[in-house]
Amino acid sequence: MNPIVINRLQRKLGYTFNHQELLQQALTHRSASSKHNERLEFLGDSILSFVIANALYHRFPRVDEGDMSRMRATLVRGNTLAELAREFDLGECLRLGPGELKSGGFRRESILADTVEALIGGVFLDSNIQTVEQLILNWYKTRLDEISPGDKQKDPKTRLQEYLQGHHLPLPSYLVVQVRGEAHDQEFTIHCQVSGLSEPVVGTGSSRRKAEQAAAEQALKKLELE
């Protein structure tokens with residue numbers, strides 16, 4: 001991999017790996033090698049959840065568990081992680097197999113999000129919990145400063161349903177129109193039909209649930225509720 005690209009990535013991350021092989025593994029999709037990033041992703045997912053939960057607990061001492069859970073879900077969901085990945089220009093650093101390269105895997109939200117979690121796992125193994133916690137807080141500073149408890153943190157499907165019920169409109173319908181990829185790495189495409197919108201809105205995700213949430217979020221934007 002191009003060392004100039006890797007050095008630029010590490011500057012954007014705010015962390016230089018002592019063991020470069022951990023960085024290489026974190027950037028490797030299972031389509032490219034048997035030594036891929038899924039175990040690091042598993043580790044990073046748990047670390048990220050803990051760090052964000054801890055930050056919210058101390059930032060909002062009077063907020064109940066339900067609101068904190070919703071805020072955490074907003075901060076650690078796939079599209080937020082994919083936004084971070086794009087801020088790091090992570091797509092140009094991914095190691096993908098020929099099939100994923102051809103199908104534009106370097107732009108796919110699920111792959112970008114999973115790689116951010118793998119990087120978190122890699123940083124932890126390369127350093128310690130204090131270092132990776134501070135790094136995550138640096139990445140999330142603006143988002144943590146801007147987030148607040150309340151209905152906005154309900155997931156998109158819930159907010160869309162409540163809006164439609166409040167206006168005495170039928171509930172949305174979700175239809176799977178495409179499933180791409182192998183069983184271990186699928187991408188679902190959902191059409192969501194909503195009263196008041198002339199055409200179905202489209203959402204994609206690594207599971208049916210995530211794709212439905214993405215479609216609901218697009219519907220909310222079209223209804224100008226975001």
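Quick reminder: no glycine exception, Cβ is built from N, Cα and C everywhere.
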Which of these, E41, E182, E187, does Swiss-Prot list as part of the Mg(2+) site with D114, E117? E41
For a three-state summary based on DSSP, what are the helix, strand and coil counts in the domain 'RNase III' (6-128)? 89 helix, 2 strand, 32 coil
Would you mind listing, in sequence order, the residues at least six apart from E41 (Mg(2+) binding site) in the same chain with a Cβ closer than 8 Å to its Cβ? D114, T115, E117, A118, G121
Neighbours of the Mg(2+) site E41, D114, E117: Cβ within 8 Å of the Cβ centroid, same chain, sequence order. N37, E38, L40, F42, G44, D45, A113, T115, V116, A118, G121
Looking at the recorded positions D45, D114, the one with the fewest other Cβ atoms inside 10 Å is D45
